């Protein structure tokens, strides 16, 4: 037996009436939001006795187009409690919420009791409709925006239809089967996607498989309190990441062709290799995320004593402009943030633990090899291999300029506090820098902290390929054997 559910997110119920224009029209909306005032008004108002708008409350009047017909129709909606016959949808997996609230720009969720209308098609093809109360996430008064339909999806199969037809999408306890991407590429302009419960994935041994993909314009991606997105990393971790071993999804959460949008307040754990790939975005802000890959620190039967997770970058950013990453916590085993191309990028308020620090690069050998205007600021790098790093690939070309590290605190760094090297290869540095990638206008301000081992400073530039480095208030201690072939004055 197939069944679906239609959740009406406002009370009292508005059923079986001539709702002005559409279910999301502001006239019906203001009646439902201000039900007490509307009920008092409707008790004395009918279209047959009132033909003018004199004395009508302004809030009702303005939202009903100053028309008595709409006022009367909305009053009828408010007082009607009859439940209509509802055709059985073909999908069994979605819960649709009809709401006059709009696409949110900020989210505060609460749990309230709404009415759920369950539709079940019996063997005789007759349609049975029952109404029962159920707790569902609904928006508080701060849930504001441009209106539209909100859909709650509880099964993977319903995601595509929700993306195509809904302004606001709540993904609740989604399980994505093997080889099944949570595909959010067709979102409506201004849409919001909210993760709730635990999102999980089946095993997909394929390096080209992307578990989550999102794109869109003026889109918001967020999560309710207590949600978890679990990447099933333990099924893949073998200590080799993308460098070898078994096939595994290379990028867990792909964000591409996304404009004037926000990703905020997500909790992600146990991703297989790289977590976020940010590609070809403009005016995107990522804020308040927690990326927790701490389970990958431990060795397993495949990793030969090394951490099981490898190449587990938090954020790989490329070909993007006016991008902001802020107030985010990352525990991983590779770059906390790596910018490989792009312009006007701000990374602020980061807490990076266990990985390879705040990085530019590696640069060279890609379709876009220019980085211009990147600021890392007000961040901590803890128990990591590197603090602040710029790495360019040996024998390649490109340009890196206008880079700023400011107010960065380092603690328990094992390899390099500040590292600029032009001999990088994924398999290990060559020790022989090349000058095909130029690095210019790099400023380190108030970069301070301690090493557990390694070098406080390591700068290895090619011939005449580095210029205009500034060190101001830089103090890193605890390491030894510092080496800087640029500037001519040596290490800070």
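Every residue gets a Cβ built from N, Cα and C, even glycine.
Residues or ranges marked as signal peptide in Swiss-Prot (evidence: sequence analysis): 1-16. The disulfide bond annotation in Swiss-Prot covers 151-166, 336-352, 461-466, 484-491. For 216-238, the entry in Swiss-Prot reads repeat 'PbH1 1'. Look at Swiss-Prot and you will find 258-280 tagged as repeat 'PbH1 2'. Under the heading N-linked glycosylation site, Swiss-Prot lists 292, 407, 441, citing sequence analysis as support. For 334, the entry in Swiss-Prot reads active site, proton donor, with the evidence type sequence analysis. Annotation source Swiss-Prot lists active site at 356. Look at Swiss-Prot and you will find 371-392 tagged as repeat 'PbH1 5'. Here Swiss-Prot flags 400-422 as repeat 'PbH1 6'.
Structure coloured by features recorded in Swiss-Prot.
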residue : record                      : DSSP (3 states)
151     : disulfide bond              : strand
292     : N-linked glycosylation site : strand
334     : active site, proton donor   : coil
356     : active site                 : coil
407     : N-linked glycosylation site : strand
441     : N-linked glycosylation site : strand
461     : disulfide bond              : coil
466     : disulfide bond              : strand
484     : disulfide bond              : strand
Where, among 216-238, 258-280, 371-392, do we find the most CB pairs under 8 A to the repeat 'PbH1 6' (400-422)? 371-392
Just to confirm: which same-chain residues, 6+ apart in sequence, have a Cβ under 8 Å from the Cβ of residue 466 (disulfide bond)? 420, 422, 438, 439, 440, 442, 459, 486
CB contacts for residue 491 (disulfide bond) [other CB atoms within 10 A, all chains]: 18
So among 151, 166, 334, 352, 461, all listed as recorded positions, which is physically nearest to residue 484 (disulfide bond)? Use the C-alpha atoms. 461
At a 10 Å cut-off from the C-beta of residue 407 (N-linked glycosylation site), count the other C-beta atoms across all protein chains. 15
For the repeat 'PbH1 1' (216-238), what are the DSSP-based totals of helix, strand and coil residues? 3 helix, 9 strand, 11 coil
For residue 491 (disulfide bond), the spatially nearest of the recorded positions 151, 334, 356, 407, using Cα atoms, is 407
May I ask which residues of the same chain, at least 6 positions away in sequence, place their Cβ under 8 angstroms from the Cβ of residue 441 (N-linked glycosylation site)? 401, 402, 403, 467, 468
Near residue 336 (disulfide bond) (Cα-Cα within 10 Å), the recorded positions in question, chosen from 151, 166, 292, 356, 407, 461, are 356
Among the disulfide-bonded residues 166, 352, which residue has the largest number of other Cβ atoms within 10 Å of its own Cβ? 352
Nearest recorded site to residue 352 (disulfide bond) by CA-CA distance, among recorded positions 151, 166, 292, 407, 461: 292
Have a look at the recorded positions 151, 166, 334, 356, 407 and say which one has the shortest Cα distance to residue 461 (disulfide bond). 356
Whole-Å Cα distance, the residue listed as 'active site' to residue 292 (N-linked glycosylation site), is 15
Long-range Cβ list for the residue listed as 'active site, proton donor', cut-off under 8 Å, min separation 6+ in sequence, same chain only, gives 241, 274, 310, 311, 312, 313, 355, 356
Name, in the order they occur in the sequence, the residues of the same chain whose CB lies under 8 A from the CB of residue 292 (N-linked glycosylation site) and which sit 6 or more residues away. 267, 268, 269, 270, 329, 331
